[in-house]
Amino acid sequence: MPKTIMLLGSGELGKEFVIAVKRLGQRVVAVDSYDDAPAQQVADRREVIDMLDGRALDAIVAKHRPDIIVPEIEAIRTERFYDYEKQGIQVVPSARAANFTMNRKAIRDLAARDLGLRTANYRYASSLEELRSAVGEVGLPCVVKPLMSSSGKGQSTVRSEAEIEAAWSYSQSGKRGDIAEVIVEAFVPFHTEITLLTVTQKNGPTLFCPPIGHRQERGDYQESWQPCRISPEQLEEAQNIAGKVTEALTGAGIWGVEFFLADDGVYFSELSPRPHDTGMVTLAGTQNLSEFELHARAVLGLPVPDITLLRAGASAVILADRVGNNPSFDGLDAALAEPGSDIRIFGKPVMRPYRRMGVALMSGEKGSDVDELKRQAIANAEKVMIKCDETV
C-alpha cells in the first residue's frame, strides 16, 4: 500500500523530494503558506495554511491522516510533532530532531555543550542592548543570525560597533516565526565551507556523501561543487562529528551538516534535517543517488546499499533581480548548449530581488577540474534571463 506523506513547506527542495517519492509509488500532500508553491505543482493534493498556527496544522493532519510528516522549512509549530508521533505518525527524521534543528539555539547548545564539538565562540541576544553586549564578548568581526531563518535571511556580518544596530534590524526583518532572539558567532578564519550530506537509516548504517564545497553570499549559497577536495584527516573528523550529532538527534533521513574548515581543524556550523540547498549539485548526476532519492529511501525505510561518486559537478543559482509575477525564462538554449550542462527552473510564481528561481548544473568526468565546472555553471546561470509581470 502506498503511504501518504505530508510535506510541510513546498519549495524547490521539497519539489525534488516529491518527485523522488512519487517515483517510488507514494502519495503526497504538499503544504505551504501560499498556493502553487513548487512542490505543490507535482504533489497529489495541496493545502495552504500558516504552519505556525498549531490549530491549522492539527486540522490538516486530522483531515489527511498522513503516515509520514516531512518538514522542509523552519517556520512550523514543531512542538506539535511530539503529539503526532504519539498518534503513530512518523515524523522525519524525528520530532526531537525537527524541534532541535529548527532553532539554532537548541542545535548549537547540543553540539557545543552536550556533545563537546568544536564550534565558533557564540552568545545569544534578545534585544539591541543584549546584542551590543554579546558582540563585545565574542569580538569583531562576528556574524549575527536569527535563531529561526532560512536562505540566509536576516544574517549579517558585523565588522564595527557602528553596524550593530543595522544588524539587529536586519535580523528582525529576516526572522522566520515569532522568535526575536539571535545567535552571535565569532568569525572563524576558515578557508573552506563544506556540507557533508549524512544519511541515517532505519535498518542500516549511517552513510556519508562525498563532501560538497560551497560559497555563501548574503548568508545564502551561490555555488556548490562535488567533490570538494579536503584532507583525509579532516574528512574523518567531519564524518565523526556528523555521526555524533545525527545519532543524538535520532531518526531516519538525510541531513545537511555544515562545517568550516580552518587551519586549526574542523568546526561544526549548522545542521538541516532534510535535503540541503548546496546538495542540489547532486542533481547533476554526481552520485548514484541524488540527495532527494537518498532522503526518499531513508524516509520510507528502503535500503541504501552504498553511495558512489560517479562524476564531478557544480551548481550555480539563478537569482531574480526585481519584484514581479508570472516569471518566464529566456536563454535556456544558450545555457544548455555545452556538454554536461543542465538547468532546473523551480516554478516559483512570484519573484523578488535575490530570490532563488532556478539552478544551473554542470558535470564532468570524476577527475575534472571542479573550479572549471563551477565557472561554467556560473556562466550558464548568467545566460538565463528572467522576464515577469512587474508590480509597482
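The backbone N, Cα and C atoms fix where each Cβ goes, glycine too.
What Swiss-Prot says about this protein:
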{"type": "BINDING", "residues": "Glu12, Leu13, Glu72, Asp277, Lys348, Arg355, Arg356", "note": "N(1)-(5-phospho-beta-D-ribosyl)glycinamide binding site"}
{"type": "BINDING", "residues": "Arg104, Lys145, Ser150, Ser151, Gly152, Lys153, Gly154, Gln155, Glu185, Ala186, Phe187, Val188, Glu193", "note": "ATP binding site"}
{"type": "DOMAIN", "residues": "109-300", "note": "domain 'ATP-grasp'"}
{"type": "BINDING", "residues": "Glu258, Glu270", "note": "Mg(2+) binding site"}
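The binding-site residues Glu12, Glu72, Glu258, Glu270 differ in how many other CB atoms lie within 10 Å of their CB, and the one with the most is Glu72. Other Cβ atoms within 10 Å of the Cβ of Lys348 (N(1)-(5-phospho-beta-D-ribosyl)glycinamide binding site), summed over all protein chains shown, number 20. When pLDDT values are averaged over the domain 'ATP-grasp' (109-300), the model yields 95. Among the binding-site residues Glu185, Glu193, Arg355, Arg356, the ones whose Cα sits within 10 Å of the Cα of Glu258 (Mg(2+) binding site) are Glu193.
Gly154 (ATP binding site) and Arg356 (N(1)-(5-phospho-beta-D-ribosyl)glycinamide binding site) have their C-alpha atoms 16 Å apart, to the nearest angstrom. Under the DSSP three-state reduction, Glu193 (ATP binding site) is assigned to strand. Using Cα positions, the member of the binding-site residues Glu72, Arg104, Glu185, Lys348, Arg355 nearest to Glu270 (Mg(2+) binding site) is identified as Arg104.
Taking the binding-site residues Arg104, Phe187, Glu193, Arg355, Arg356 in turn and counting surrounding C-beta atoms within 10 angstroms, the largest count is reached at Arg104. When the C-alpha distances from Glu185 (ATP binding site) to the binding-site residues Glu12, Lys348, Arg356 are tabulated, the minimum falls on Arg356.
Counting in whole angstrom, Glu193 (ATP binding site) lies 22 from Arg355 (N(1)-(5-phospho-beta-D-ribosyl)glycinamide binding site) by their C-alpha atoms. Taken residue by residue with DSSP, Arg356 (N(1)-(5-phospho-beta-D-ribosyl)glycinamide binding site) is part of a strand. Arg356 (N(1)-(5-phospho-beta-D-ribosyl)glycinamide binding site) sits 23 Å from Arg104 (ATP binding site), taking the CA atoms of both as reference points.
In this structure the alpha carbons, written CA, of Glu12 (N(1)-(5-phospho-beta-D-ribosyl)glycinamide binding site) and Arg104 (ATP binding site) are 22 Å apart. For Phe187 (ATP binding site), the spatially nearest entry among the binding-site residues Leu13, Glu72, Asp277, Lys348, Arg355 is Asp277, judged by CA separation. For Leu13 (N(1)-(5-phospho-beta-D-ribosyl)glycinamide binding site), applying a Cβ distance below 8 Å and a minimum sequence separation of six or more within one chain yields Glu72, Arg274, Pro275, His276, Asp277, Met280, Phe292.
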